[in-house]
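Read the structure below first, then the notes.
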Amino acid sequence: MSVISLPTPPLSAPPPPPPPPPPFGPVDPTTWSDYAILDMQLAQYFKKSASEIILPMLFGFLPITLCNGTKAAIAFSVFAVISVVITIVSLLFAGKMQHDDGGANAKVAAVDGPNRRRVERLCYAAYASCISLMGTAVCLAAVINRWYWALASPLLLVAVVLLGIFLECGHRNQFAWGALQYEEHKHDLKFFFDLSSEVAQAAFAGLSGSLLGNLKKARCLQDESFGTAEGFTLYAVIVGLFLMLVCTIPPAIELRSIRDKTVAVFLKWTAYLALALISLAWLFAAATVVQTFAVLAVVLIGAMGAFWFYNVYRSKPRPVDSSQPRQPVGGCGAQQHPRRRPEVARARHAAGERSLMWLGIHSLMFGTLMASYSVFLSGQHFSGLYKAGVFFVFAVLLTNFCRMVLVREAQDKESEALVVLVTGLAIIFLVLLAVLLLILLAMLQPNQLRSTFAVA
């Protein structure tokens, strides 16, 4: 018995998948819009450096007049002048492409040679500005204690080596090409830039306040003891300045996978390292001054950490609509994480900016805290009202930065709404208490404030 085989219809072959883009290899970005994006980022960097970092640092010139014979004070003056000149001059030439949209075909129009060379030179100027600001911070700390330069040398060396590697990558592959490859991470980079700039600004003000308090000892460089809070503050300045530059000019790395890990791992945990360093400086300074309130400070930190842990690791991820196909990122076959979507990142950054409205007082608060810390170490005694005010200043600083991080790390809308509500109410309550205590202190015990901020 023969078996009759039926003809099978020919199967249509599926269309071949589109070839993925090469994982490495720079492409020359010659369009107007490519350079305009980097030009805008450089303008923001120099503006932040000039208005929020250099100006608090310049307050160090006033107390340094009493130590003008020391080598550290002379070195600080030199680095400060270099930083001011580089940053201000660069700011005058940055952002010029924002005023000219490049015409209707800006996305395809080629950039002219003068603008290309100007943006590239501004990138080199940004590296020079960052290194000079780091040197300024180290010299400012060395005025307090001449051995602080040795304490900062290991971290400063690591930062300079990494900056040298990133500079070489940018020189080889073009800075504009490197900035263009991080387009999908722009909201994360903006968040890390805001966080690091606030850390650096507050830490610079803290060093100036600590120097102001140390001058009451009338011995400038004779103090050989290390201040724990001052050491953490110095480290926070270096890490914050380093992160500011890297977020402005991302490293032009050829491999896409390494670029993604640079943002998701390296920049993220570097930003949280800067936050941890300045938080430790707040803790040691506040615990030294308030003493009896130190237990409350530790309890506050524990509560914040528990709240953070619960919202980050115990909340459920945002559900993903299965009807919507998940597009691969860059054609490499990788699925895009819900938290990596541009609209989600934009919303989280907007929520994080609601915390930034309070950050204008960070420099003033931390400078006051470090000045009180230094004056207390010199033998000055504070009243219970003054110590209570210092504690609530510390609470405001810690709560506000935790708010920024918690809003970003919350994984669903319900947790984000809870974080925004609870931390917002906590900040308002703590700020009102701190202001009330300051008013009472100025009315009832004005000598306490005079003893802290009087140089002579």
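Count begins at 1; order follows the chain as displayed.
Here the Cβ of each residue, glycine as well, is placed from N, Cα and C on the backbone.
Note: TrEMBL annotation is automatic and uncurated.
Features of the protein shown, as given by TrEMBL:
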type	residues	note
REGION	1-26	region 'Disordered'
COMPBIAS	7-26	compositional bias 'Pro residues'
TRANSMEM	72-94	transmembrane segment
TRANSMEM	124-144	transmembrane segment
TRANSMEM	150-170	transmembrane segment
TRANSMEM	191-212	transmembrane segment
TRANSMEM	232-253	transmembrane segment
TRANSMEM	265-287	transmembrane segment
TRANSMEM	293-313	transmembrane segment
REGION	319-343	region 'Disordered'
TRANSMEM	356-376	transmembrane segment
TRANSMEM	388-406	transmembrane segment
TRANSMEM	418-444	transmembrane segment
Result, the transmembrane segment (191-212) in contact with the transmembrane segment (150-170) (3+ CB pairs under 8 Å): no
Maximum Cβ pairs under 8 Å to the transmembrane segment (124-144) - stretch from the list 72-94, 191-212, 232-253, 265-287: 72-94
Same-chain residues at least 6 beyond the ends of the transmembrane segment (265-287) whose Cβ lies under 8 Å from its Cβ atoms: 188-189, 192, 195-196, 199-200, 202-203, 206, 228-230, 232-233, 235-236, 239-240, 242-243, 246-247, 293-294, 297, 301, 366, 369-370, 372-373, 390-391, 393-394, 397-398, 401, 405
